[in-house]
Amino acid sequence: MKPPFQEALGIIQQLKQHGYDAYFVGGAVRDLLLGRPIGDVDIATSALPEDVMAIFPKTIDVGSKHGTVVVVHKGKAYEVTTFKTDGDYEDYRRPESVTFVRSLEEDLKRRDFTMNAIAMDEYGTIIDPFGGREAIRRRIIRTVGEAEKRFREDALRMMRAVRFVSELGFALAPDTEQAIVQNAPLLAHISVERMTMEMEKLLGGPFAARALPLLAETGLNAYLPGLAGKEKQLRLAAAYRWPWLAAREERWALLCHALGVQESRPFLRAWKLPNKVVDEAGAILTALADIPRPEAWTNEQLFSAGLERALSVETVRAAFTGAPPGPWHEKLRRRFASLPIKTKGELAVNGKDVIEWVGKPAGPWVKEALDAIWRAVVNGEVENEKERIYAWLMERNRTREKNC
């Protein structure tokens with residue numbers, strides 16, 4: 001048994017000692033069968049939430065009404081959820097109620113896809129009542145039971161299906177894909193925040209180039225912020241090297257580029273992304289527009305962007321041109337290292353010095369003067385030494401006065 005399961009085994013053993021059934025379930029079991037890195041380990045049990053909280057000394061009630069308790073075991077947190085069935089769903093988003101049951105199979109039956117409806121006992125024996133292992137072997141994503149019913153219960157499952165295409169490289173089962181096409185309008189009931197979580201995982205998947213065209217083919221794009229009418233662009237995005245991107249702002253910048261978004265800020269805000277992501281993606285796009293080729297960076301542009309942003313710009317450019325970014329990254333690193341200063345804080349002078357030298361009250365002119373100074377230093381027009389900058393600034397001011 002793999003270490004992540006061994007570390008949680010004590011929880012299952014204690015539940016069993018108290019007379020309850022308990023199994024590993026969900027994505028961790030799926031990823032074990034796929035040979036992928038195992039993430040969070042979840043446990044399903046016949047014990048009621050209050051039983052779980054009575055058995056374990058350290059628990060956190062994160063949703064006992066819906067059956068889930070976090071058990072802290074050997075310093076790690078594990079979600080332990082009571083076997084349950086879902087009642088009727090409201091607004092295509094969540095069940096109105098849940099019913100706790102004693103059957104593992106009944107619990108697995110409510111899950112979204114067969115590959116996620118697999119359990120494993122304490123000895124490593126796989127319990128697979130819905131053909132999840134066969135779906136994994138065939139590399140297909142298929143719903144548990146009737147696809148239309150699953151998607152009408154929670155419309156976000158349609159986005160999850162396409163997200164799993166991106167993460168795993170699987171294909172949608174024909175009946176599953178057809179049900180998404182038929183029920184795509186239900187996505188309008190889902191909050192932007194939930195859609196954004198799935199979209200970010202989709203963009204970060206190693207097979208994003210397969211998943212993005214699927215948004216167009218299934219019609220889901222019509223109900224996603226800013227993607228309506230972008231079928232052609234989403235299909236063309238299949239040619240981009242999405243796995244080359246490591247940062248979320250790079251992925252959103254490339255999506256804007258792929259879609260031909262003219263104003264990135266309204267588009268990104270519609271996804272309710274953090275301001276930092278909106279600003280950084282916008283800055284990357286602005287640099288791409290201002291700097292048409294990797295070799296076109298000026299010293300001023302490189303200094304203003306900073307090394308990390310400059311590397312991101314060239315990573316995004318590489319993703320849509322197909323030229324590996326490594327050589328240009330190395331050149332930019334060398335160029336940045338050769339700059340006499342790397343930040344404005346490294347200037348040998350400050351605003352107080354400039355005011356004292358010029359003898360004028362503080363005002364907007366001080367920033368203009370400091371900007372002129374750092375540009376001159378970065379371009380090698382003056383050394384970053386106080387006396388030399390003083391002489392350069394005085395000469396600049398005399399020249400400007402003559403020309404007035």
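A Cβ is built for glycine as well, from the same backbone N, Cα and C atoms used for every other residue.
Quantities reported herein were computed from a predicted structural model and do not represent experimental measurements.
Cross-referencing Arg111, Arg138 with the CTP binding residues that Swiss-Prot gives (Gly27, Arg30, Asp154, Arg157, Arg160, Arg163) picks out Arg111. Sequence-distant contacts (6 or more apart, same chain, Cβ under 8 Å) of Gly27 (CTP binding site) comprise Gly39, Asp40, Asp42, Asn116. In this structure, the CA atom of Arg163 (CTP binding site) is 18 Å away from the CA atom of Glu153 (site 'Involved in nucleotide selection'). Nearest by CA distance to Glu153 (site 'Involved in nucleotide selection'), out of the binding-site residues Arg30, Arg111, Arg160, is Arg111.
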